[in-house]
Every structure is written in C-alpha cells, then in structure tokens.
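According to Swiss-Prot, the active site, phosphoserine intermediate annotation covers 63. Residues annotated as Mn(2+) 2 binding site in Swiss-Prot, with sequence analysis given as evidence: 12, 63, 432, 433. Summarising the annotation, Swiss-Prot assigns substrate binding site to 122, 151, 152, 182, 188, 253, 254, 255, 256, 323. The Mn(2+) 1 binding site annotation in Swiss-Prot covers 390, 394, 451, and the record cites sequence analysis as its basis.
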C-alpha cells in the first residue's frame, strides 16, 4: 500500500446516532467535511462499549477505556469489571490490611472519598459501600465524602444514588460527612480553586452545613443546580480530618483524582494541609504520588506505541489539556514516560466555567500545530484527539454542541487537506465512544449529558479499500497493516481491512 504515515484522528464522543433526529447535534449541524468523508471514503462501524471494550455488558464506554483499547490492540478488561469480580475477596489484600491495622492501632477514622454514582466510569457506588462495610466490621468509624456525578449519569440522578448508597451502608458507625459536585472535587484542568473548595470541606469542615445529604441535594435541585455543580457542603456535625485518621480514595480512574490527592499529600502550593496517618487508593494513580493501592495495574506488552518504537519509527501525540492524558498515558496503557521517538504536544484548554461557553475550545490552535507536523512528514503515526464533541456534549447544551461539531469539522477539513498534500499519508477518523449524537433524554425529559452505547465511525482516506465492522481493539492492527508492519502476537484485535485492490492515499 506504500503508506508511510497514518494520522489517527479521534473525535472524542462522536458516535453513530439516529440521522435527522432533532437531538443529534451532528446531523443538526450538517458538517460538510464530515459528510464528504463519510460519502467518499471506505467506512465501517465499531463497538465501543460493554464486553467489546472489557466492561460489563450494557456499560457505556468512556475515553480512558476507549483509548486503552485503541492503543493496546486488544480487549482490555477494565477496572470496573475487574473490581466487580474481585472486591468481594479483598480482605487479604496486604495494603488494605496495613491500612486497617494502622487505623485500629490509633483509633482513627476512615475517610472514604469518591464518586457515589452508578455510572461506572470513574467509580461505582457499590465498590464504595463494600469498602465501607468491610472496614467498619473491624470496629472502625467510617465517614464518606460523596462526590456527585450528573455527567456520566443523568444530571439529577444524585438524589437516587445517595438514597440507595445510604441503604447499602450497613455499619452502625458509617455516615456521609461531606457532599460535593464533581465539578469541584474532580477537576483535572488545573482549576485549583474548585479543588481547594472541595478539599477544605473534606479536611477542615469549612463549608456550609446541612442536616442530611438528601435535603442538600433537593435544595439545589429547587435552585436549578444539578449534581455536578453542587457546591461542597458539610453534613451534620462533621469536624474534619484528624492526625490519627486514614484516607481512602475510592475512584478507580486516576485522572480526576490527581489534583485532590496532590493537595491531600501537600504536593501543591496550597499551604494549609491537614495531617493524617495513612492513605490508600483503589488503583494506582500516579508514580510520583507514591500512594499504596489495592488493585495493582495490569502490564501490557506490544502496544501500538511500543510496536512503532520497536520498528525505530517516530510518533506524535497531540491534544488539548482535557484529553492530553488520553492520547499519552491511557493510549500507552498506563506508561507515563514517552516511547523512544515519541513527541508530545499539549495545547492548553480554554479557561471557561463550562465548555458550552466556548464550544470551539482550543481546536483551532491544536489544528494549526497538527497541520504543521503533518507537513513535516517526520512521523509514522500521529495520534490527535479533538475533545469538543465530548466535553461540550457533557454540558447538555445542544446548540453549543452543534457549534462544537462545526468547529471540529472545520478543523477536520484542514487536516484532510494537509494529508492530501503529504505523500504516502493516510487519515483515519474514528471515535472512542458516543455522546454528542444524543443530547436529550426523551424518556426522562432531561438533557442527556452522559456517553451513549452507540457504535462509532471508522473511516480511512484510502481508495479501493473495503472495511468490515469491528471494535476499538481492531484499530491498532489496521494501522499496522497500513504501515506494512507485522502485528505482534499480543495484539488480539484483527485488521478491519477485509479487501485491498489498489489502495493509495487520496
């Protein structure tokens, strides 16, 4: 095929929706470049959810999961599924035992903090209640710092989740101590004021006080404030973290816990840090945080990035802040350091309260740099992520989502033009999961802010090429076939190319 370079363009949250549905921001926007490539290049559809990406059946996919499946070239059993299978038998876990023994010896309180949600993207409330119950059985007082979702779930599902969670906490000495919307507790874009506001409620009980979590949520709903944006609050007579206490970070996904964990450990410029005795996380978060964890990470051999390195080729990863970790850490399946020959470019995301206020985000700045790198012809593989469809889709604002679609489409046209002008270069356009193609939940009569179960597109800018439907783990083998590189045995995905006659970039 004589392809020397592949540009893998991941349109984050761009799923295959119902055409001409009034809540499909893609079809509403009628993006011209998208219509062109969909009509003129080989295409197929990929499954991006459930068992096809290593999640429980019927579970929506997400960006972490999607990028790991794409980058590894295999179905990766995800943290949610793994913990579901193993959490019932974690009593013998060495790090958990050490954590419990430290609390017992000092008569400390266990502070469990995490997203109390059934969304399954960053955490699951059943994991948190199981941990609370197992720890309280040792005579340890447990307090919960509940983060509310409304982003990977319906915007006003928090009340129901908290009610169910409260019933599931069996320990007599277990209760909810603080409540915070994830907008504050789980920021990942260096909006430190948000993180500090959540931290001060958790560490020092410095926040408005309410009698119980349900009434707090109801009061916010009455003021049109949904789960994600509920300001940190103290519940009852909670007094804060004490030196003899322990902290357990219950989210299994790392990216939205790094800032809070960094403040807890005194690794930021924030001066007033509460002392505590021990800390533990559900999964490994980040090497330099040095937090013990319950479930060790899975190692991956012969990923796409590794294979490109092994063939002594160069690769580029480029994204704006919101998705930078996905094209680097997650795409490389948990490897923090770049591969040899891997260049990384971070484009700062705009500093706005929510991205419906600036739907184009930093897509144009990103594209300018990307086009420059495509023309350089330095790289065998370029991986780029456009965050707009997902980040604006999460706001539930359909008009803004349509603007986001058009902004990305404008960028896509520039990328396609650059690829056409570069010899022996192919463009792949795909997505990691759906979102922006469904902006309203008609059944519940509420904006749809979560991901979808829809398949995602896969388009290759090659003539005379036939594709078959597949799943995200088939993308890496397809890229290797285009580049004429043998697929490693560890890659269990299969190329999506079903037939080649005379393929050339176009």
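One-based numbering along the chain as shown.
Glycine is treated like the rest: Cβ placed from N, Cα and C.
Here the features listed in Swiss-Prot are placed on the structure.
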residue: 12; record: Mn(2+) 2 binding site; Cβ within 10 Å: 26
residue: 122; record: substrate binding site; Cβ within 10 Å: 26
residue: 152; record: substrate binding site; Cβ within 10 Å: 22
residue: 188; record: substrate binding site; Cβ within 10 Å: 18
residue: 254; record: substrate binding site; Cβ within 10 Å: 27
residue: 256; record: substrate binding site; Cβ within 10 Å: 20
residue: 394; record: Mn(2+) 1 binding site; Cβ within 10 Å: 25
residue: 432; record: Mn(2+) 2 binding site; Cβ within 10 Å: 33
residue: 433; record: Mn(2+) 2 binding site; Cβ within 10 Å: 27
residue: 451; record: Mn(2+) 1 binding site; Cβ within 10 Å: 30
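Rounded to the nearest whole angstrom, the C-alpha distance between residue 390 (Mn(2+) 1 binding site) and residue 12 (Mn(2+) 2 binding site) is 5. Using a 10 Å Cα-Cα cut-off from residue 12 (Mn(2+) 2 binding site), the recorded positions that qualify among 63, 188, 254, 256 are 63. The separation of residue 451 (Mn(2+) 1 binding site) from residue 188 (substrate binding site), Cα to Cα, is 19 Å. Rounded to the nearest whole angstrom, the C-alpha distance between residue 433 (Mn(2+) 2 binding site) and residue 451 (Mn(2+) 1 binding site) is 7. Per Cα geometry, 432 is the residue among the binding-site residues 122, 152, 256, 432 nearest to residue 63 (active site, phosphoserine intermediate). Spacing of residue 394 (Mn(2+) 1 binding site) relative to residue 122 (substrate binding site) is 15 Å (Cα to Cα, whole number). When secondary structure is read from DSSP and collapsed to three states, residue 394 (Mn(2+) 1 binding site) falls in the coil class. For residue 451 (Mn(2+) 1 binding site), the nearest of the binding-site residues by C-alpha distance turns out to be 152; the candidates were 122, 152, 254. Cβ neighbour count for residue 390 (Mn(2+) 1 binding site): 28 (other Cβ atoms within 10 Å of its Cβ, all protein chains included). Its Cβ placed at the centre, residue 63 (active site, phosphoserine intermediate) has 28 other Cβ atoms within 10 Å. Rounded to the nearest whole angstrom, the C-alpha distance between residue 256 (substrate binding site) and residue 432 (Mn(2+) 2 binding site) is 18.
Farthest C-alpha pair in the substrate-binding residues 122, 151, 152, 182, 188, 253, 254, 255, 256, 323: 17 Å apart. Each of 10, 13, 48, 61, 62, 66, 67, 326, 385, 390, 431, 435, 451 belongs to the same chain as 12, 63, 432, 433, is absent from that list, and has a C-beta within 8 angstroms of the C-beta centroid marking the Mn(2+) 2 site. Rounded to a whole value, the Cα-Cα separation of residue 122 (substrate binding site) and residue 432 (Mn(2+) 2 binding site) is 16 Å.
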